């Protein structure tokens, strides 16, 4: 059967979410960005009114204000955007059960066979677009094709509020004349290397010698050559927590730090989040890894093997040991991260029971007791919010 794949891409998602609760910004240049006093002072998303002034994602605020002095800046609210994303995915699930979320603001839908229910693909895309707008007040663009790559490319051709079909038979006319930089999967470095090989358009890439591309670019060369020819056999795969290979948290710091005590407090908070996520998915891992990036943008990663766990204390303990061994006070730290991986398979399908969590028994294992305490903490946080409970070291630090 001929496959029909949609890529639904939410237009200017973060700032569009903000416009649903700040209608006063509609029609005015506006963007979501961090505090200009620290490193988060970059544009995360700008609306189309701001883009007319040349405002782009990742642009620093002081440059943006020169281009568009009257731009309205709204600080990011990622919890709000995650909720809106969840609502969008809920609407999409009414049209097909086969959905692959590609990011917070886009997803592939396998619509193969759905014509009998919803009609032709273009009309179905119109229904989805109107449904999202009427229910959530958000706009999207939709790409339609026979595979994921071409659907993704099609979704980028008309923004905002565009519906574009791009079938393989049409790529010579619609896709090949475009510059290689437009192609999904090609970043600045790859584009530069392609131009050094005199490859400027997607068509030139499609017709270039595949073996030479592989020689110069490795696996990437083979992949982008295939994509340029409209070939992508990958299925639309709904994600499951069982697919998770690693759970990690990192933070780019507002200011560089040089003292290890501050780093320990940050690592505790990150470990807390990793442990909470691991317990949510009932994932016990036996590999802890830390990532340290310095102000000069050099970075190191270290990992160690531990007894499988999802407990914060054990994740943090392994992280601290590696942090202390590798701390260099002469190199200011810009980013810290910690992750848990190497998950065992046998306990993935077990349910964490609230009754088991809270039952009073005679167990003497300190690990088991900590397990129960942390699971109880998770349930409290779920009800009252993440910040309701903090470790003593975090509270002490915040008071200083």
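Here the Cβ of each residue, glycine as well, is placed from N, Cα and C on the backbone.
Per Swiss-Prot, the features are:
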- 5-187: domain 'UmuC' (DOMAIN)
- 9, 105: Mg(2+) binding site (BINDING)
- 14: site 'Substrate discrimination' (SITE)
- 106: active site (ACT_SITE)
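Mean model confidence for the domain 'UmuC' (5-187) is a pLDDT of 94.
Neighbour list (the residue listed as 'active site', Cβ cut-off 8 Å, at least 6 residues apart, same chain): 7, 8, 9, 10, 155.
In sequence order, 9, 10, 13, 85 constitute the residues six or more apart from residue 105 (Mg(2+) binding site) in its chain with CB-CB distances below 8 Å. For the recorded site, residue 14 (site 'Substrate discrimination'), the DSSP three-state label reads helix.
According to DSSP, residue 105 (Mg(2+) binding site) is assigned to coil rather than to any helix or strand. For residue 14 (site 'Substrate discrimination'), applying a Cβ distance below 8 Å and a minimum sequence separation of six or more within one chain yields 32, 44, 45, 76, 81.
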